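Summarising the annotation, TrEMBL assigns domain 'CBS' to 600-664, 697-755. Among the features that TrEMBL reports, transmembrane segment is placed at 68-92, 153-175, 195-215, 227-243, 255-279, 332-356, 368-385, 441-461, 468-487, 515-540.
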Amino acid sequence: AVNANEMNGAGNLMDFLDEPFPDVGTYEDFHTIDWLREKSRDTDRHRKITSKSKESIWELIKSLLDAWSGWVVMLLIGLLSGTLAGVIDLAVDWMTDLKEGVCLSAFWYSHEQCCWTSNETTFDDRDKCPQWQKWAELMTGHAEGAGAYVLNYFLYILWALLFSFLAVSLVRVFAPYACGSGIPEIKTILSGFIIRGYLGKWTLLIKTVTLVLAVSSGLSLGKEGPLVHVACCCGNLFCSLFSKYSKNEGKRREVLSAAAAAGVSVAFGAPIGGVLFSLEEVSYYFPLKTLWRSFFAALVAAFTLRSINPFGNSRLVLFYVEYHTPWYMAELVPFILLGVFGGLWGTLFIRANIAWCRRRKTTQLGKYPVLEVIAVTGITAVLAYPNPYTRRSTSELISELFNDCGALESSQLCDYINNPNMSRPVDDIPDRPAGPGVYTALWQLALALIFKIVITIFTFGMKIPSGLFIPSMAVGAIAGRIVGIAVEQMAYHHHDWIIFKNWCRPGADCVTPGLYAMVGAAACLGGVTRMTVSLVVIMFELTGGLEYIVPLMAAAVTSKWVADAFGKEGIYESHIQLNGYPYLDVRDEFTHRTLATDVMRPRRNDPPLAVLTQDSTTVEDVETLIKDTDYNGFPVVVSRESERLIGFVQRRDLTLAIKNARQKQDGVVSSSVVYFTEDAPQLPASNPQPLKLRRILNLSPFTVTDHTPMETVVDIFRKLGLRQCLVTRSGRLLGIITKKDVLRHMAQMMNQDPESIMFN
């Protein structure tokens, strides 16, 4: 009787794991999450809350709060990301102008704000006012002359170097993850990879501050990509406030998908484009519920930005344009040619930039990030200052290139020769011959185009926040404006040609160069990122040019086709590959005729698979196995002779369970037997206390047979987001396939180095 009681007592002790312990089910840094496991955990949690809600009013209120927590998180993300974007826009405006001069009436005003408040500003000289003084005028009293020009030039370079030095130093010291655009890493994180600290509070703070400094320094980079990273940091921050998201990595990724939409919404003032960008370009798993929530987050973010009104024009966007003429069918030819240019530029940029980044990774250059940033900033500032189109901020340049030449425009690009006999309404100006200002502008734009193409290759990927949207759009807008002016002048001088006869009558306005700039910008951005639907929607939201959707679509599709002919990967996928992140692209096709048995481990000459048995492994055996191997988990079999599969146990859960049992359960020693069975056998009292770990065993691991085609296996990994898959034959375990095995095999099939598919 005594023995029986002792044995029953032992049985009760072994069930201590029926209560979950801290950190079980969590993941190590640089590991992939198990989507199926996260989904089933959320379903269990939801089922528990629903059943409890029927017990009392308080439980019902708690279940309602749980249901609404998703919308609350979206609201908070929208408010914070919209506010940060507004602050960044205002700070960038002020600091960009600070390189050239200062406002005497209030030093925190940008050039434009300074002259708005002035009473002496005339319409012709709206950018000149006594309150705004350039540095040379302030220091020496002379505004004109060679001395003033040299002093302004020198101070422009000095400010640029100071801003970029501060940016790279802050990133290097406080938040190394704040560099780059962040979109390749966000894509990888959303596919289920864990990079701890990438979306942390420090990264958010440093990225926001250094983004302002980097853009203000005049480098060829934009703030749009980094704003997606900033918004995802906001999303991660608010996830930690709700256990529903903080304890479930799968649910957290749904929030981050919506945060990415809010980021693009505030970057471009394009809420619908933001949702489509998240769906097309960034997200891996995008259920319908996430679509609605993304829409709400993007709406709140756009509304917040509109309330701050950073551009002072009561609009969400910087590039709002109004064209007064329609486009004609014959113009599709130059639009498609701009699409071809965009595709070629995208290919050139990706190849050159990846080659340069690889060189940075593998040579001494990578050890001196501060020097590299200083050198590139110095070269950029020295070459940019003499050309008025590269001296100003890239956003202002694009805005001017998109602009239509109205009667009130003072830009050099609008220096046309007017006909004194012309008496027409102001907003309908006919085509006119180009004046000397336009020809000067064309030369300067051609030089600016070459400069932007070359310098952007070396700028993207440095250790500072750097977006690619704006520089790509600038390259396309410059090329587009040059083509637009050429077509316009051809139509004016040869309006009797058969192609112009139908739509260009003398004295009529028939070609809009600004539209060509807009189409060129879309083509180049599409060539680099390979976006299509979201790109077109972002472009028409960005400019308000809804009736020009067909030219934008034609250019976007052409640029994608041309760029895809040279290589399927866009810039973000290329950087994911370069960094060796385990990212399984949904768009990649696998067409090779291989089987699961060709890919699974162990291979022919490898040691046998590391497994645990259900009732004959001791604690010491388990600890030795954990110490000697670095696998993420171990299959559990009935016995080594039968190799019949029972389930799969995660390495981290196993380590935590044994550590917890040693602390809390008396009698667990190295010789204690670990049981993964439902009921432990009756043991004599002299035996050491056994340890029951069935609670942490996954009884439904995903399995395939050894003759399953790899095409199907790859599809399963993509659609279910698996970490690993076990290979069996007639219920007997043969091997294991992990996500990295799949990636290595795909690389091998494409004649690439399979060892590059490791996080480095």
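Any Cβ shown, glycine's included, is placed from N, Cα and C.
Using a Cβ-Cβ cut-off under 8 Å and counting only residues 6 or more beyond its ends in the same chain, the transmembrane segment (441-461) has close neighbours at 180-181, 219-221, 345, 348-349, 352-353, 356-357, 360, 376, 379-380, 383-384, 387-390, 397, 412-413, 415, 468, 471-472, 474-475, 478-479, 481-482, 485, 571, 575. Only pairs six or more apart in sequence are counted, and the transmembrane segment (68-92) with the transmembrane segment (227-243) gives three or more Cβ pairs under 8 Å, enough to call it a contact.
Between the transmembrane segment (195-215) and the stretches 153-175, 255-279, 368-385, it is 153-175 that has the most C-beta pairs under 8 angstroms. Counted with DSSP, the domain 'CBS' (697-755) comes out as 24 helix, 18 strand, 17 coil.
Tallying C-beta pairs under 8 angstroms between the transmembrane segment (368-385) and each of 153-175, 255-279, 332-356 places 153-175 first. Three or more CB pairs closer than 8 A are found between the transmembrane segment (515-540) and the transmembrane segment (255-279), so contact between the two stretches is assigned (pairs 6 or more residues apart). Within the same chain, residues 453, 456-458, 460-461, 472, 475-476, 479-480, 483-484, 487, 516, 519-520, 522-530, 551, 554-567, 569-571, 574-575, 578 sit at least 6 positions outside the transmembrane segment (332-356) and bring their C-beta atoms closer than 8 Å to a C-beta of that stretch.
Taking every listed stretch (153-175, 255-279, 468-487) in turn, the largest tally of C-beta pairs under 8 A with the transmembrane segment (227-243) is reached by 255-279. For the domain 'CBS' (600-664), the DSSP-based tally of helix, strand and coil residues reads 24 helix, 17 strand, 24 coil. Within the chain, the transmembrane segment (468-487) has long-range Cβ neighbours (under 8 A, six or more residues past its boundaries) at 181, 220-225, 267-268, 331, 334, 337-338, 341-342, 345-346, 349, 389, 394-395, 397-398, 401-402, 413, 434, 438, 442, 445-446, 448-449, 452-453, 456, 459-460, 511-525, 527-529, 571. Same-chain residues lying 6+ beyond the ends of the transmembrane segment (255-279) with a Cβ under 8 Å from its Cβ atoms: 70, 73-74, 77-78, 81-82, 84-86, 186, 189-190, 199, 223-225, 227-232, 234-236, 238-239, 245, 285-286, 290-291, 293-302, 304-306, 315-318, 467, 469, 531, 533-534, 537-538, 541-542.
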